[in-house]
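As recorded in TrEMBL:
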- 15-61: domain 'Gla' (DOMAIN)
- 61-97: domain 'EGF-like' (DOMAIN)
- 87-96: disulfide bond (DISULFID)
- 160-427: domain 'Peptidase S1' (DOMAIN)
- 200: active site, charge relay system (ACT_SITE)
- 281: active site, charge relay system (ACT_SITE)
- 379: active site, charge relay system (ACT_SITE)
């Protein structure tokens with residue numbers, strides 16, 4: 001067959017295509033079957049958008065959103081033969097890949113390892129806890145000394161109900177308060193001169209009788225984390241007894257050669273402490289002379305006052321409590337330091353499920369099903385939260401109804417509400 005004959009044979013007459021086709025009403029066969037049509041041409045044919053989208057999906061055979069091209073939580077929508085990303089407020093760009101510097105601020109802590117501060121132009125700057133310096137990248141924090149707050153020097157290689165033994169040196173900010181040789185409460189190492197504890201542990205006590213001691217096993221007597229089962233009169237019956245905190249202590253049954261002994265020269269109870277509601281249940285103890293910081297005595301880090309770090313830390317749902325308190329409500333106290341990881345509970349949920357008078361200066365942690373909790377003797381001890389590589393103080397064990405009881409949580413003093421008071425007291429006392 002000759003070329004002209006083949007051309008005639010293969011030629012197909014377009015029934016709907018001629019010189020003035022653009023003047024005619026849109027036609028599916030003319031626009032999209034005899035020719036390759038565009039989305040705009042298909043749009044002239046279909047008056048209902050859903051019909052248009054269904055046709056176009058079949059016609060092109062491509063759904064560009066299937067590959068998830070939109071980033072940072074953006075929503076992908078098919079648009080013509082492409083896609084459109086609907087960006088969250090903090091991002092822009094065709095794929096929402098660009099952050100808006102003027103509004104990002106401290107979103108996700110600004111990428112900072114420790115603290116983030118908003119600047120007037122709504123951007124941010126990172127800064128570090130005392131004892132750290134900011135890396136040249138402007139985000140990471142480097143310890144300036146061998147002992148830096150919140151960083152155990154002994155790396156991770158069974159009181160607290162259903163907890164576990166805290167290996168020696170893994171809870172180095174834990175302090176132990178005793179009265180003469182009787183175990184009373186826990187405490188938290190803030191620095192070489194300052195211990196933080198619960199106000200009810202030292203309420204109505206004379207500072208001249210208070211000591212910090214380590215190195216001998218105390219006779220464990222009935223101590224308390226405030227319970228509804230204990231009358232306040234019996235708790236506060238003796239106002240002249242001596243309290244002895246221990247740092248570096250781990251096993252109460254033996255001298256481990258890591259303990260240190262110090263006297264207390266000042267007791268500073270928060271002015272808002274209420275012995276009826278247990279609000280503002282916090283006290284600072286100043287030591288007569290500094291303790292030696294090292295592998296078994298490391299201060300805990302505090303959040304920064306002028307930063308958004310409180311919200312960042314609150315987003316970390318798990319915290320760890322430690323102490324030598326009772327292993328069950330009516331059980332014996334622990335000889336070896338215990339630790340337990342618990343979920344923190346939103347304040348409204350805590351009030352709803354427990355019916356307890358939990359104030360804004362408190363926080364709750366535990367399991368609604370019970371079974372794991374702090375208990376008597378853990379009062380004043382730390383509830384700490386790890387962010388990246390560093391541990392920060394979140395709460396101080398305060399009170400609760402029973403121990404590890406179903407539908408009851410442990411209640412802690414919310415430390416972030418008292419940072420200003422703590423810093424002012426430690427800098428001026």
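Just so it is clear, glycine is given a Cβ too, placed from its N, Cα and C backbone atoms.
Its Cβ placed at the centre, residue 96 (disulfide bond) has 21 other Cβ atoms within 10 Å. In this model, the domain 'Gla' (15-61) carries an average pLDDT of 67. Checking Cα-Cα distances from residue 281 (active site, charge relay system) against the recorded positions (87, 96, 200) with a 10 Å cut-off leaves 200, in sequence order. When the recorded positions 87, 96, 200 are screened for a Cα within 10 A of the Cα of residue 379 (active site, charge relay system), the ones that qualify are 200. Recorded residues residue 87 (disulfide bond) and residue 200 (active site, charge relay system) have their alpha carbons 51 Å apart, per Cα-Cα distance. Across the domain 'EGF-like' (61-97), DSSP helix (H, G, I), strand (E, B) and coil residues number 4 helix, 12 strand, 21 coil. Reported as a whole number, the C-alpha separation between residue 200 (active site, charge relay system) and residue 96 (disulfide bond) equals 53 Å. Over all protein chains present, the Cβ of residue 200 (active site, charge relay system) has 25 other Cβ atoms lying within 10 Å.
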